[in-house]
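**Student:** Got a structure for you, questions after.
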Amino acid sequence: MKIHGLSSASRCLAAEGGVRGLSSSSGPRVCIVGGGPAGFYTAQQLLKDAAVDIYERLPVPFGLVRFGVAPDHPEVKNVINTFTQTAQHERCSFHGNVNVGKDVTIDELRQAYHAVVLSYGAEGNRSMGIPGEDLPGVFSAKDFVGWYNGLPSNKELHPDLSFETAVILGQGNVALDVARILLAPVEMLKETDITQNALEALAGSKVRRVLIVGRRGPLQIACTIKELREMVNLPNTRADMLPADFEGIAEALKDLPRPRKRLTELMMKAVKEGGDDKAEKCWGLRFFRSPVEVLAGADEKRAAGIRLALNKLEGSGESVRAEVTGQLEDVDCGLIISSIGYKSIPIDPAVPFDPRRAIVPNEMGRVQDTAGLYCSGWVKRGPTGVIATTMNDSFDTARVLIQDMEAGKLDLSVNKPGAQAITALLQTRGVRMVLFSQWEKINAEEEKRGKSLGKAREKLLDVDEMLCRAK
């Protein structure tokens with residue numbers, strides 16, 4: 001892939017009426033750290049006014065669209081087509097297999113570019129902070145999803161699925177995705193891009209019951225109706241709910257906003273109907289419960305259950321909170337998955353970081369006290385929302401950056417070398433970059449392997465193999 005010179009970028013800007021007041025010998029160069037949805041959406045908006053280079057830690061692009069979206073939701077992954085158009089834009093370059101903060105520092109990027117946008121997402125796990133959470137048999141949802149979606153760092157996960165009951169802590173869409181994958185007939189998954197090793201493990205799974213636990217009540221559940229409907233309609237599977245969890249809910253229905261009302265009505269219907277008693281598998285939402293301890297088996301070597309505190313709700317509206325009652329409940333289970341949220345982690349000592357909120361402190365995407373440094377996506381606002389939320393957030397950051405260019409807050413009079421300087425630097429450090437044209441070779445290999453298995457693709461799981469295919 002060609003690295004475009006400053007003069008060619010300037011000519012393109014002049015032709016398209018880009019940022020005002022630029023001389024013909026200069027052009028804004030922006031680099032984006034992170035090749036997931038936030039990075040690509042930010043780039044998409046900036047390309048009207050700047051040359052953009054995207055740096056991604058893995059050799060492959062698309063972040064959570066590739067590694068986070070459930071394999072049986074291929075329609076959500078169609079956004080990859082848009083991202084591919086962005087990557088192939090004449091003023092955009094993708095540089096994979098570059099670990100910013102290790103292979104190259106933020107300060108080095110800031111010297112090479114007029115602006116740097118941090119869009120590296122949330123690759124950390126929120127801790128439950130309870131005894132026993134490090135026992136074998138306990139996984140974060142992020143790692144479990146990474147295992148069945150082919151994230152290289154999770155390829156050795158090998159979850160033991162020989163137990164009848166699994167407990168998922170958290171009631172967001174990711175929790176329901178995990179529950180659905182655990183209970184879905186293998187026939188529903190075998191033509192998707194789920195990894196073959198996960199498919200084989202699920203085919204031999206003994207998991208027949210999945211409980212999805214939340215600390216508050218039905219009116220505070222965090223999932224959307226689409227994911228809940230998929231659970232209700234899962235073949236050979238019935239809902240197993242506790243009617244007591246829904247006491248008083250019917251009276252509250254009339255005052256709910258329409259989306260929340262429809263979601264609650266669907267849950268209540270599942271409580272009432274229960275499902276087919278002949279179904280071999282079941283799932284259930286469990287409300288008003290918080291984890292207090294993972295219980296070890298007799299050999300003390302792995303998880304065998306979880307102790308839950310029973311809660312009551314205090315307050316009202318958005319500020320309602322769960323308070324423990326002093327009652328406890330033990331649930332026998334051999335698989336525990338914590339789906340209480342992802343979190344961003346610090347990338348470089350030169351970047352301010354708020355450890356309490358686990359974000360880069362910013363105002364409208366401008367990083368606090370650091371001129372020329374911006375952020376978008378989860379590292380900007382926290383790991384919330386769907387892909388459309390990230391799109392709007394990233395567009396906002398891009399608009400702020402362009403406004404700063406036009407207002408003279410960024411010094412565009414200085415020529416910046418951009419990728420030319422960073423590429424030379426990385427070469428001296430022995431870092432092998434993967435350009436987008438080289439990713440397309442990996443992509444072709446994955447599709448070829450998938451075709452032989454009757455599925456959309458079979459992802460490469462090993463970074464070294466990815467690099468080998470990218471030659």
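Quick reminder: no glycine exception, Cβ is built from N, Cα and C everywhere.
Automated prediction, rather than curation, is the source of TrEMBL annotations.
In case it helps, TrEMBL gives these features for our protein:
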type: BINDING; residues: Ala38, Glu56, Leu64, Val100, Trp378, Gly385, Val386, Ile387; note: FAD binding site
type: BINDING; residues: Gln171, Gly172, Asn173, Val174, Arg215, Arg216, Glu227, Gly385; note: NADP(+) binding site
type: DOMAIN; residues: 29-182; note: domain 'FAD/NAD(P)-binding'
**Student:** Cα of Ile387 (FAD binding site) to Cα of Asn173 (NADP(+) binding site): how many Å, rounded?
**Tutor:** 12
**Student:** Excluding near sequence neighbours, so keeping only residues 6 or more apart in the same chain, what lies with its CB under 8 A of Trp378 (FAD binding site)?
**Tutor:** Ala38, Gly121, Ala122, Tyr342, Ser344, Ile359, Thr384, Thr390
**Student:** Using a Cβ-Cβ cut-off under 8 angstroms and a sequence gap of six or more, which residues of the chain neighbour Glu56 (FAD binding site)?
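**Tutor:** The list for Glu56 (FAD binding site) reads Gly34, Gly35, Gly36, Gly39, Gly63, Phe94, His95, Gly96, Asn97, Val98, given in order along the sequence.
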**Student:** If one looks at the chain holding Gly385 (FAD binding site), which residues at least 6 apart in sequence have a CB under 8 angstroms from its CB?
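**Tutor:** Non-local contacts for Gly385 (FAD binding site): Asp393.
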**Student:** Cβ atoms within 10 Å, counted per site: which of Arg215, Arg216 has the most, among these binding-site residues?
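**Tutor:** Comparing the binding-site residues Arg215, Arg216, the most crowded Cβ belongs to Arg215.
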**Student:** Give the sequence-ordered list of residues that share a chain with Val386 (FAD binding site), lie 6 or more positions from it, and have CB atoms under 8 Å from its CB.
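**Tutor:** Long-range Cβ contacts: Asn173, Thr224.
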**Student:** Going by C-alpha distance, which of the binding-site residues Gln171, Gly172, Val174, Arg216 is nearest to Leu64 (FAD binding site)?
**Tutor:** Val174
**Student:** I'd like the number of other C-beta atoms within 10 A of the C-beta of Leu64 (FAD binding site), please.
**Tutor:** 23
**Student:** Which of the binding-site residues Gln171, Val174, Arg216 has its Cα closest in space to the Cα of Val100 (FAD binding site)?
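**Tutor:** Result: the closest of the binding-site residues to Val100 (FAD binding site) is Val174.
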